[in-house]
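Annotation comment: Swiss-Prot describes 1-16 as signal peptide. Look at Swiss-Prot and you will find His36, Asp38, Glu141 tagged as Zn(2+) 1 binding site. The N-linked glycosylation site annotation in Swiss-Prot covers Asn57, Asn62, Asn279. What Swiss-Prot lists as disulfide bond is Cys87-Cys170, Cys242-Cys274, and the listing cites sequence analysis. Residues or ranges marked as Zn(2+) 2 binding site by Swiss-Prot on the basis of sequence analysis: Glu141, His214, His235. What Swiss-Prot records for His168, Arg246, Asp304 is substrate binding site, and it gives sequence analysis as the kind of evidence. Per Swiss-Prot, GPI-anchor amidated serine is recorded for Ser384.
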Amino acid sequence: MWTGWWLWPLVAVCTADQFRDNAVRLMQSTPVIDGHNDLPWQLLKRFNNQLQDPRANLTSLNGTHTNIPKLKAGFVGAQFWSAYTPCDTQNKDSVKRTLEQIDVIQRMCQLYPETFLCVTDSAGIQQAFQEGKVASLVGVEGGHSIDSSLGVLRALYHLGMRYLTLTHSCNTPWADNWLVDTGEDEAQSQGLSSFGQSVVKEMNRLGVIIDLAHVSVATMEAALQLSKAPVIFSHSSAYSVCRHRRNVPDHVLQLVKQTGSLVMVNFYNDYVSCKAEANLSQVADHLDYIKKVAGAGAVGFGGDYDGVSRLPSGLEDVSKYPDLVAELLRRQWTEEEVRGALAENLLRVFKAVEQASDHKQAPGEEPIPLGQLEASCRTNYGYSGAPSLHLQPGTLLASLVTLLLSLCLL
C-alpha cells in the first residue's frame, strides 16, 4: 500500500509526459497556425524596423515573446503577422505606417529564407508545412489602415494582406469598436455603415478574411450576417468565461457556428481570467467553452504574443504551445479536434474565403461620403469635380452639357 503511495507522483509525471509526447507527435505533422503575433510592432518600437541591426537578429532576439528558436520549439508552422499601426495614426499617416509594417514582414522572409516563407494563400501554408518553414502571412490590424478607401483596401490585398481587422480599439467612420460596448466610445455606425457594408463585400470579392477581433457586438453581428464567407476572430476569447468586452458573447458564438467561422483564442491575462494573473489551464477553459458552444470546428489559437504585457503562467512565449496542446489532450480532446484547433480549422476557413472570392466581378467604386471623413489632414480631390451616381437624371444631363460645352463639343 505504501509502495503504491510513493509511486503516485511518478505515475502522474509519466502521464503528463505522455500527453506532452503525444502533443509533440501531433504537432510534428500538424503544426500550429497562430492568428495574431505583434513581433513586427516590436521591431518598429525597438529598432525602427532596421533588421540589419545586430540587436534585431531574430535567431537571438531577447526580451520578446517571439524569436526563431522559440517558434521552432513551439512548432509554429504558420503565423499571421500583424501589420499594426495605432489608432492615433487615423486620418494622418495610417496608410504609410501600414505599408512600412507590411514591408518589414516581407523583409523578415527575405532575411531568413531558411525559416520564413511569405505566402498569400492556403496552398502556400501547406507548402511551408512540407518545407518545414513558418508560413508568414500579413494581417492588417485595424480598419483605419485603409483610410476609408476601397482602393487602398485593394492595394493592400495586392501587397499580401490576407485579413483585415475591421477596427482596432477605435471607431472608423464605417465600423464600431468594442469600447462602444463599455460606454467609453459612442456608436457611429450602429455596427456597419453603408460604406462598411461595401468594405465587407469588397473583402469577400477579393478573398480577404474578415477579422472581428476588437469590434463591437453590433459590428460582429452585422459582418457575420452580411459576409458570404466565414470570418475569424484572430485574437479573442469567450465572454462567458471572462466577461471582458473584447471577448465573444454566446449569441455571437452561435452565429460563428452557423457560418462555419472561427474564434482564435487570445492569451492576454485580462481576457483570459479578467485579472492580472492567469494560467495555462484557464486558457484551456476558453478553448473548452468555445468548443462546447460553437463546436470543435470553431476553435483556434491567436496568442497575441508580443502585443500584450501579461501572459498566463505556462504560456510565457511562443515555445509553450506544446504544453497547451498537452492540456487539451489531458482534457480528452480527440486527435481530430486538436488537429482542427492547430491548423485545419483555419485552413478550412481560408479555403472557403478563397472559394467565395470573385475577381471577375466588378470592384466596388462608390467612395465614402466626404462628410463622414475628418477633413483636417486630407484633400477632397474627386469629391468636388466628379458627378455623383446619386444625381437625378436631369441634373446629370445638365452637368454633361456643361462639360461638353467647355470642351467645344456642342
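Including glycine, each Cβ sits where the backbone N, Cα and C put it.
Feature annotations (Swiss-Prot) mapped to structure.
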{"residue": "His36", "record": "Zn(2+) 1 binding site", "DSSP class": "strand"}
{"residue": "Asn62", "record": "N-linked glycosylation site", "DSSP class": "coil"}
{"residue": "Cys87", "record": "disulfide bond", "DSSP class": "helix"}
{"residue": "Glu141", "record": "Zn(2+) 1 binding site", "DSSP class": "strand"}
{"residue": "Cys170", "record": "disulfide bond", "DSSP class": "strand"}
{"residue": "His214", "record": "Zn(2+) 2 binding site", "DSSP class": "coil"}
{"residue": "His235", "record": "Zn(2+) 2 binding site", "DSSP class": "coil"}
{"residue": "Cys242", "record": "disulfide bond", "DSSP class": "coil"}
{"residue": "Cys274", "record": "disulfide bond", "DSSP class": "coil"}
- Within the same chain, and leaving aside Glu141, His214, His235, name every residue whose CB is within 8 angstroms of the centroid of the CB atoms belonging to the recorded Zn(2+) 2 site, in sequence order. His36, Ser82, Tyr84, Gly142, Thr165, His168, Asp211, Ala213, Ser234, Ser236, Asp304
- Query: What are the non-local neighbours of His235 (Zn(2+) 2 binding site), defined as same-chain residues 6+ apart in sequence with CB under 8 A from its CB?
  - Reply: Gly35, His36, Ala213, Met264, Val265, Asn266, Gly302, Gly303, Asp304, Gly307
- Task: May I have the list of same-chain residues other than His36, Asp38, Glu141 whose Cβ is within 8 Å of the Cβ centroid of the recorded Zn(2+) 1 site, in sequence order?
- Result: Asn37, Trp41, Phe80, Trp81, Ser82, Tyr84, Gly139, Thr165, Ser234, His235, Asp304, Gly307
- Query: Sorted by position, what residues of the same chain at least six away from His168 (substrate binding site) have a C-beta under 8 A from it?
  - Reply: Tyr84, Pro86, Cys87, Glu141, Gly142, Gly143, His144, Asn177, His214
- Most crowded position, judged by CB atoms within 10 A, among Asp38, Glu141, Asp304 as binding-site residues: Glu141
- Would you kindly give the Cα-Cα distance separating Asn62 (N-linked glycosylation site) and the residue listed as 'GPI-anchor amidated serine', rounded to the nearest Å? 52
- Note on the structure: Asn62 (N-linked glycosylation site) has its Cβ surrounded, within 10 angstroms, by a count of other Cβ atoms equal to 7
- Taking every pair from His168, Arg246, Asp304 (the record's substrate binders), the biggest C-alpha distance in Å rounds to 14
- Item | When distances run from the Cα of Asn62 (N-linked glycosylation site) to each of the recorded positions Asp38, Cys170, Arg246, Cys274, Asn279, the nearest one | Asp38
- Item | Nearest of the recorded positions (Asp38, Asn57, Cys170, Arg246) to Cys274 (disulfide bond) - Cα to Cα | Arg246
